[in-house]
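Here the structure is laid out as structure tokens; the discussion comes afterwards.
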Amino acid sequence: VSPWDIALCATGTAVAGENALVLAVLFYTPSLRAPMFLLIGSLALADLLAGLGLVANFAVRYPLRPPSEAAELAAAGLLLAAFSASVCSLLAITVDRYLSLYNALTYHSERTLGFTCAMVLLMWLLCLGVGLLPLLGWNCLRDQSSCSILRPVTKDNAAVLAVTFLLLFALMMQLYLQICKIAFRHAQQIAVQHQFIATAQATSTRKGLSTLSLILGTFALCWIPFAIYSLVADSSYPAVYTYSLALPATCNSLINPIIYAFRNPDIQKSLWLACCGCIPSTFSSRPRTSSDV
């Protein structure tokens, strides 16, 4: 048994458990029904399935050896669908944060829960379609020489996935740059109108920008090397290179709940109530502003 596969399986187990906790908190807390929390739930579900996909892939490769073709393709399809949904959910959260600042006055009337549910459902149908592609013939099992590092995906199809991912990342980065500009402008306007809260607003803006840096930096470090490697490498490359880059990419699903869920004050409050039935006196009750991006 490869130690790399054991590490991926262990990571998948941790990812599944952590994101299952996020989903449980969202499901059992009636107050967390806003569109923003639906998107966080979509991200948690995608990462949960990604974790289960890593465990299933390990089971297909070892306990079920020799693996059946259908089981191998199904495990690969689950991983494709889950990670596609994870990236798309991250993009949806980015778009939602941008709209909440750009259309601050009409955001709550336009971004209804029903509209968000419809968009999330459409996104998941698209990602599930991507996950079905290996079973529908989008694989290299009949021609091993055409395999990419993402076996059983072919080199050409892996290149398409990598380019699509890089384009989505570029879009996310552009949106976050716009968020920074809008947040700074809002902070300056409020500071001019209310000089006495200028310091608090500056602190809020700095906190928002640090969050943006954390989001973009983590996402880039986890996924960009693997995406670029998928463009240039093929199945003839040493497996250790693939494993060493795939492991950080999967760890992104382990980090997502910390960035998007556990740092959220409302989810923190629900976790405290669920774990100990109380809320710490040091818990901040400051309302979120447009600079808290």
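Residue numbering: from 1, along the chain as shown.
Cβ atoms here come from the backbone N, Cα and C positions, even for glycine.
Since the structure is predicted, the reported quantities are computational estimates derived from the model, not experimental observations.
According to TrEMBL, the transmembrane segment annotation covers 6-29, 36-61, 73-93, 113-138, 158-177, 209-228, 240-262. Taken from TrEMBL, the feature domain 'G-protein coupled receptors family 1 profile' covers 18-260.
Between the transmembrane segment (6-29) and the transmembrane segment (240-262) there are at least 3 Cβ pairs closer than 8 Å, counting only pairs 6 or more residues apart in sequence, which means the two stretches are in contact.
Using a Cβ-Cβ cut-off under 8 Å and counting only residues 6 or more beyond its ends in the same chain, the transmembrane segment (36-61) has close neighbours at 5-6, 8-9, 11-17, 19-20, 22-23, 26-27, 67, 71-72, 74-76, 78-79, 81-83, 85-86, 88-90, 92-93, 96, 100, 113, 116-117, 120, 123-124, 127, 250, 253-254, 256-257, 260-261, 264, 266-267. Among the stretches 113-138, 158-177, 209-228, the one making the largest number of Cβ pairs under 8 Å with the transmembrane segment (240-262) is 209-228. Within the chain, the transmembrane segment (113-138) has long-range Cβ neighbours (under 8 A, six or more residues past its boundaries) at 33-35, 38-39, 42, 46, 70, 73-74, 76-78, 80-82, 84-85, 88-89, 92, 96, 152-154, 157.
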